[in-house]
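**Student:** Here you go, one structure.
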Amino acid sequence: MEINYDLSEAFNSEIAILPKTTIRKLNPKKYWGVEKAINEMGQLSMTAQGLRRVLTSYQKIIDTEEEQTLYVMWKKNPNNEKHSIVVGILKVGRKKLYLYDDKLQRYEVTPLCVLDFYVHNTLQRKGNGHKIFEEMLRNENISPIDLAIDKPSESLLQFMKKYYNLENPIWQSTNFVVYKEFFSKHNSSDNTNNDIYEGKRRISEKIPISESSTPRSTNQRYRRSQAAEIIHGSIEVPRKVEMDPNTPLGRKNIRDFTHTQIW
């Protein structure tokens, strides 16, 4: 895609690496060509992927709370030095995801995600996509198997297979894709929860019932067993001794309670 702006005024390499902080510094009033290049390539990417909304624009990157990095591959127009040709864009950023492997084990991770990837249709199948992707891997110091890809097209899946031998993508309900090798470096959150449960269970099994009982529960059990023995005749019920009303204790009962005890 050609734009009537010399991108060498803003970029000093064939593949510009633009984290959000750098993009914010490229004020559109001075570097209007940068905003134009990003926005137009974002529109073309949306159309090529058959999406309903733009994934990449100058303003979207500025406004997002996520830390995203945009890679822009470009070159000067050999026929007009004041014009530039934008070859492709690649946007990545980290997202917190809940992913499932092929055994339905859940993983809570924050991987680097491929959020948008587009090479202009007139410049495809010339190694440009591989070149910009390799620059991203180098700069991020990451392996292809550690990436999560947001709603990849069939051509991108074929790209991953051709250049990185990654096959059989595991689709997530969120439309992200990872590969089986991704999970080899992560621990399943399901396993973590199971370990905690098993640990608690093993501890509880080691504690005898007598040690875990409270004094109150012990007394309740004692009273219940004593009552059962009385009912079934296992123990003798103590007889109540009637007090003679003419004795000092008998007179005291009458005085205190105004009547004799009834048994």
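Positions of Cβ are set from backbone N, Cα and C atoms, glycine also.
Predicted automatically and left uncurated, TrEMBL annotations should be read as such.
Relevant sequence annotations retrieved from TrEMBL are reproduced here:
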type    : residues                                                                           : note
DOMAIN  : 1-183                                                                              : domain 'N-acetyltransferase'
SITE    : Q49                                                                                : site 'Crucial for catalytic activity'
BINDING : F117, Y118, V119, H120, N121, T122, L123, Q124, R125, K126, G127, N128, G129, H130 : acetyl-CoA binding site
**Student:** Using Cβ atoms only, which residues of the same chain lie under 8 Å from F117 (acetyl-CoA binding site) while being at least 6 residues apart in sequence?
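**Tutor:** Result: S45, G88, I89, L90, K91, G129, F133, L156.
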**Student:** Count, for each of the recorded positions Q49, N121, the other C-beta atoms lying within 10 angstroms of its own C-beta, and report the residue with the smallest count.
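**Tutor:** Checked Q49, N121; of these recorded positions, fewest Cβ neighbours within 10 Å: N121.
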**Student:** Using a 10 Å cut-off on Cβ-Cβ distances across all protein chains shown, tell me which of the binding-site residues (G127, G129) has the largest neighbour count.
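**Tutor:** The most densely surrounded of these binding-site residues is G129.
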**Student:** May I ask for the distance between N121 (acetyl-CoA binding site) and Q49 (site 'Crucial for catalytic activity'), taken between their Cα atoms and rounded to an integer number of Å?
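**Tutor:** Roughly 12 Å, rounded to the nearest whole number.
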**Student:** Test of understanding: give the count of other CB atoms lying within 10 angstroms of the CB of L123 (acetyl-CoA binding site).
**Tutor:** 17
**Student:** What is the total of other Cβ atoms whose distance to the Cβ of R125 (acetyl-CoA binding site) is within 10 Å?
**Tutor:** 8
**Student:** Return only the integer: C-alpha distance in Å from G127 (acetyl-CoA binding site) to Q49 (site 'Crucial for catalytic activity').
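**Tutor:** A Cα-Cα distance of 20 Å.
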